[in-house]
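Annotated features in Swiss-Prot:
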REGION    25-114  region 'Alpha-1'
TOPO_DOM  25-308  topological domain 'Extracellular'
REGION    115-206  region 'Alpha-2'
DISULFID  125-188  disulfide bond
DOMAIN    209-295  domain 'Ig-like C1-type'
DISULFID  227-283  disulfide bond
COMPBIAS  342-359  compositional bias 'Low complexity'
MOD_RES   344  phosphotyrosine
């Protein structure tokens, strides 16, 4: 996405992945959307993506040639044309609503129309291993900063500043929380269960991580030990370094989990150690795909070759996934969207409560 800098894109994905960490055995469906104004270059670019757990399944980009909601997972191909028509219309409606929300936000913050501004939203639901509703959420951001978010009870809102307080009062007067709660506890859960069944071969699988350690001297007195976990699914994983059995959390450099581009994930954890003391350090790996946690120790005689090509390819795809997929996720940075005088309406307004629509229609700030 041309209007978003690469560093921002990395933050977007890291935020998206952070959101996928739910309870063991639970599943989530989440939608991320971003609208970015570009003065002098036409209407804002609007991108929306949907995720079930760590897998992207739908995507809409207002700049795409098709101008349609498109499948991003094989198991979505079975949906009928009417489904795609409806979701496309919802996305186009949201793009127009967020265009107006951007204009309203300029007034709230007393900003000029010369600069580029961003509205973002994340909403979704989690279910337990039994398929029952666990929790729902909606969080919005303006220009990368928290704006407004639903509270845990889904009956009230938390505003981040005075501008968001205006939106909060409007939403309270229009009973938006009740509509959101009905969607999250009903429609969202119904569709998540459906997707988990249709895509169970992908969504309910576990791929154990491929692990190894590497060693790199950084001076005559110190070296970096790095613990690698590659090709794992789902994304949630724990990597920790210990020295003589004691956690080295404070001294560990831990990167965010990253998509490898093939449906699996990558992660590493590094620690700087005194030269000659490497054998005192062990890396501990915990993942759902492992029968029991792994313990790794660097062996001087078997220094593995770091799969540079695979890592670089993953990082390139990582940026691409973000730009296209999650130009929406800036770490729960929420879009301001309350309707100035209108209604919040769910994706299918009256009929979405009956499970006919998957996503929500936005609301103005």
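A Cβ is built for glycine as well, from the same backbone N, Cα and C atoms used for every other residue.
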Problem set entry | Sparsest Cβ surroundings (other CB atoms within 10 Å) among the disulfide-bonded residues 125, 227, 283 | 125
For this session: Using a 10 Å cut-off, grab the number of neighbouring Cβ atoms around the Cβ of residue 188 (disulfide bond), all chains included.
Result: 29
Problem set entry | In three-state DSSP terms, the structure that residue 188 (disulfide bond) belongs to | helix
Exercise. Helix, strand, coil residue numbers for the domain 'Ig-like C1-type' (209-295) per DSSP?
Worked result: 6 helix, 53 strand, 28 coil
For this session: Whole-number Å only: compute the distance from the Cα of residue 188 (disulfide bond) to the Cα of residue 227 (disulfide bond).
Result: 38
For this session: With DSSP as the reference, give the number of residues of the region 'Alpha-1' (25-114) in helix, strand and coil.
Result: 31 helix, 27 strand, 32 coil
